[in-house]
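To start, the structure under review is shown below, and the notes come after it.
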Amino acid sequence: MPFSNSSELSPSFLLASIPGLEAAQAWVAIPLCSAYVLALLGNCAVLLVVRAEPSLHAPMYFFLCMLAAIDLALATATVPRILCFYWFGSREISFGACLLQMFLIHTLSAVESSVLLAMAVDRYVAICHPLRHAAILTNGATAKVGLLAMARGVLFFLPLPLLLLPLPFCGSRALSHSFCLHQDVMNLACANTTPSVVYGLTAILLVMGLDAVLICLSYLLILKAVLRLAAWRERLKVFSTCIAHICVVLAFYVPLIGLSVVHRFGKNLAPLVHIIMGNVYILVPAVLNPIIYGVRTKQIQRRILSLI
């Protein structure tokens with residue numbers, strides 16, 4: 001569907017509908033809305049519990065609050081717009097709104113990756129250097145890490161929409177997801193996108209890629225320290241403090257890698273696969289993170305039960 005002359009100056013895009021289920025999208029949106037509500041309730045509960053429970057005023061749970069806030073922001077930046085499309089047929093999204101949504105998705109994902117790395121470092125220091133843990137990871141240091149994570153995400157991913165801003169869009173305007181991603185929008189440009197491709201790949205490798213490598217390195221050091229313990233019970237007890245964080249890392253990186261693989265090698269895949277992987281990437285961490293820490297942390301369990 002080509003743009004008109006007027007839309008070339010201020011293009012708009014078409015969000016991807018569910019192929020074969022266009023007439024039933026209102027019903028399909030119900031589980032999506034339910035997952036969004038569950039993410040809102042779960043992450044808000046984590047924020048309230050950590051605030052109200054003095055025993056949880058520690059760096060690990062402050063990082064957990066950062067994750068909850070990021071997941072709330074990421075889900076709110078995408079899901080309400082998807083529901084407007086599915087329920088009210090508002091498929092078209094303006095160029096400016098698309099770039100803003102794209103910037104928020106990539107920036108918040110980068111911030112979440114940085115926070116996961118900080119949580120891995122917290123686990124490493126707590127297990128390998130327990131006597132220095134309180135001195136290294138103070139509340140002030142935790143706040144600085146959060147600010148640095150936010151600044152890092154903004155600095156690395158602000159150029160993405162700026163590189164797309166001057167490009168002409170004169171061909172198809174149909175996206176492959178129900179929200180805007182950099183690679184998806186970039187593929188619709190009818191100009192040389194090499195700078196955007198190179199910078200986007202570099203930013204992903206220097207942020208998410210580097211964080212993943214450092215998280216793996218921290219757990220290799222943790223595993224090395226745990227194996228030095230004589231008794232198996234002690235090993236399991238120490239390593240069990242990392243299980244919740246490992247699950248959260250997997251809940252973030254597995255959908256991220258899956259979505260990247262679909263974009264890179266899934267050109268011949270059915271459009272439904274792109275839509276499902278996109279929704280999984282947005283909602284799975286937001287839904288699972290509070291559940292994982294709610295199951296693994298007795299203080300959070302007790303406080304949530306008392307709130308109920």
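Cβ coordinates are placed from backbone N, Cα and C, and glycine is handled just like the others.
Automatic, uncurated: that is what TrEMBL annotation is.
Noted in TrEMBL for the protein shown:
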- 42-293: domain 'G-protein coupled receptors family 1 profile' (DOMAIN)
- 26-49: transmembrane segment (TRANSMEM)
- 61-88: transmembrane segment (TRANSMEM)
- 94-121: transmembrane segment (TRANSMEM)
- 133-158: transmembrane segment (TRANSMEM)
- 197-222: transmembrane segment (TRANSMEM)
- 243-266: transmembrane segment (TRANSMEM)
- 272-295: transmembrane segment (TRANSMEM)
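The transmembrane segment (26-49) makes contact with the transmembrane segment (272-295), as judged by at least three Cβ pairs under 8 Å among residues 6 or more apart in sequence. For the domain 'G-protein coupled receptors family 1 profile' (42-293), the predicted model reports an average pLDDT of 90. Distant neighbours of the transmembrane segment (197-222): 106, 109-110, 113-114, 116-117, 120-121, 123-124, 127-128, 152-153, 156-157, 159-160, 163, 182-183, 186, 239, 242, 246, 249, 253, 256, 260; these residues of the same chain sit at least 6 beyond its ends, with a Cβ under 8 Å from one of its Cβ atoms.
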